[in-house]
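Structure first, commentary second.
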Amino acid sequence: MKAVKIILFFTFTIMWVSAFVQNTVLFFCCIGVLIVLTGLTVDRASIKLRIQTTFAFTRSILTKYVGNGQMKIRVSANNKIISFTKPVLKHRLLSLIQKKLGQQIENKIAVSGRAQNPRILAQKSLSYALVSLLISVPLSAFLGFSLSPALFFLVATPIIWCIYPILKLRFDVFDRRLAIDDELAFFTLYASVMQSVGQYLYQSIADVIGREIFPGIEKEAKMLWRNIQLFGIDQQNALNIHAMTHPNQHFKNLLLGYVSISKSGGDLGAYMEAKAGEFFRKTLFKHSAYRSSANIIGELMLILLTILPTLILTSSFLLEDGSIMTMMGLSFVVIPVITLSIILTINFSQPKHYDDVPFDPRSVIAGVITTIILLTVEYPVWFVIGAGMSAASACNFLLCVRQIRQISLADSVLPDFFRDITEYSKIGIPIQNAIIKISEGRTYNRYFDELLRKIASSLRYGRDLSDVLQSTTVRSWIVRTSFFILGKIASSGGGTAQILEQLTAFSSDVHQTKKDTRASVSIISYFALASPLLMSYTSGEMLRILQKIDLRMSPLMQNSFSIQYALVGSELTDMIGLLIVISGTSLGLVVSKLVHFTVKHTLLLLVSLIISIISVVIYPHLPSLIQT
């Protein structure tokens with residue numbers, strides 16, 4: 001929170017500096033950032049108390065001058081808007097709409113996993129729709145007649161409020177279905193280990209609460225714990241009820257199959273081991289499928305973030321007054337929306353990895369300071385934005401490169417480590433002793449060797465392996481999860497060599513698939529990072545074409561075709577630079593997400609920004625292919 005307040009102070013300073021230098025674009029950008037940061041730092045409880053105090057004072061004044069007993073004001077403890085619209089909501093038509101809406105919401109609440117009242121949600125959405133109707137009708141009429149007829153569509157705002165709860169619940173259902181897909185393989189393997197020593201599945205699910213190993217499973221565990229501990233449902237029925245309303249088909253089949261075998265007296269340990277192998281194969285298939293789709297997404301990225309901006313850039317030179325506005329809209333609206341859409345597409349197709357990749361808030365402060373310094377010496381806007389973001393990404397990478405390197409080193413040697421553990425386990429050596437022997441006589445890499453020495457040192461003092469591994473900070477999610485299962489095998493005495501073989505094979509295949517994915521998209525990444533050069537060279541050629549047009553051709557072109565060319569000035573060239581820098585930023589973010597599975601790895605973003613700035617600086621000096 002302290003870092004946010006520092007950023008708030010620097011953003012406020014930049015806003016007034018930009019107003020002083022008459023930089024309108026940066027001024028409004030800072031206002032947007034201030035609104036977001038104010039929402040993060042404001043004391044909501046204090047504001048709520050002030051509003052209630054003001055309302056009580058106003059009520060006392062009105063009661064005094066209007067007359068006691070003549071004015072009745074009822075204040076709802078939950079929602080003021082519902083209290084305001086409650087008399088209207090009693091109308092028969094609105095009551096019918098509220099009932100239908102509540103039925104639609106009720107069908108989604110159980111599947112979404114949220115504990116809410118459908119009647120209250122329907123009442124709340126309809127109340128907001130009625131209030132927005134009172135505001136949107138006169139506002140849309142005023143703006144539609146005074147500015148543009150397109151603003152008449154603001155009258156449709158109440159419809160958005162009516163369908164918002166349904167859309168939100170559908171998104172929650174979708175998120176719940178995807179949240180545990182990539183955790184099922186490791187979780188089922190852990191549950192099979194605990195099942196081999198007689199621990200029921202519910203207890204294995206409940207044990208992950210608070211461990212931050214399986215985030216999706218942990219949410220399901222809390223709901224199961226509520227149903228069993230608070231509502232008094234027995235474990236089998238609780239698992240069965242939970243499965244019937246779960247949107248993820250794999251998890252649903254796992255719970256229903258477990259309950260069925262448990263009732264029939266079958267071998268639950270063999271069932272869990274078989275399901276673990278099935279989920280591992282599905283997870284590996286998802287990694288392989290992502291490797292194939294990464295190339296398609298990369299080609300889509302080049303088309304939307306390189307070729308499309310280049311075409312719009314070249315066509316904007318033929319516009320007289322609209323070229324500047326066209327490039328401003330492309331830079332601040334179209335490209336960010338396209339970038340966000342591509343990143344969301346990658347996020348849905350990527351296997352989930354909960355690696356603890358850090359983002360240092362000091363990098364934002366470095367970017368803000370750089371921006372302020374460059375604004376005081378009146379550099380162009382594109383250079384100020386590019387240099388500020390370059391400073392932020394460079395600072396973040398330098399501060400976090402060590403942790404990122406640790407994740408890579410741990411992932412690379414995990415298959416070898418488990419292979420050694422498996423060999424020791426096959427000859428009857430306990431896992432604790434195997435780790436001590438490996439730390440003394442085996443080397444992997446500097447980071448992993450140091451990690452094993454710390455673990456072995458704690459084991460020599462008689463500490464439990466599960467507690468040691470839980471207290472050890474490991475940023476790689478696959479290593480953290482594998483260590484968690486290894487600790488459960490050692491502490492419970494369950495598990496078999498086959499389970500260790502599964503862990504070894506899975507970690508090896510995942511590591512190899514990630515390497516193959518990076519190799520397959522490397523060529524596309526190089527093209528993406530070089531795209532600012534293409535855009536800058538195209539802009540330079542277009543500028544030179546306009547400069548080489550003979551003045552004697554102007555009357556002929558005006559009389560024949562009525563074409564007027566844009567005035568090539570400093571404002572247009574600044575917008576060209578801004579477009580190239582923003583496009584380079586988008587390409588760097590998308591490539592980072594595509595290759596490193598996260599946008600927090602800012603090395604590729606830094607490279608893309610540096611290439612973009614250099615491209616804008618050198619494009620007026622590049623040799624031309626056009627003959628005089």
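Quick reminder: no glycine exception, Cβ is built from N, Cα and C everywhere.
Per TrEMBL, the features are:
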- 20-42: transmembrane segment (TRANSMEM)
- 126-144: transmembrane segment (TRANSMEM)
- 150-167: transmembrane segment (TRANSMEM)
- 296-318: transmembrane segment (TRANSMEM)
- 324-347: transmembrane segment (TRANSMEM)
- 359-375: transmembrane segment (TRANSMEM)
- 417-522: domain 'Type II secretion system protein GspF' (DOMAIN)
- 523-543: transmembrane segment (TRANSMEM)
- 563-591: transmembrane segment (TRANSMEM)
- 603-622: transmembrane segment (TRANSMEM)
Answer key: the stretch among 126-144, 150-167, 296-318, 359-375, 523-543 with most Cβ pairs under 8 A to the transmembrane segment (603-622) is 523-543
Summarise the model's confidence over the domain 'Type II secretion system protein GspF' (417-522) as a mean pLDDT value. 84
Could you give the number of helix, strand and coil residues in the domain 'Type II secretion system protein GspF' (417-522) as assigned by DSSP? 84 helix, 0 strand, 22 coil
Rank 150-167, 296-318, 359-375 by Cβ pairs under 8 Å to the transmembrane segment (523-543) and hand me the top one. 296-318
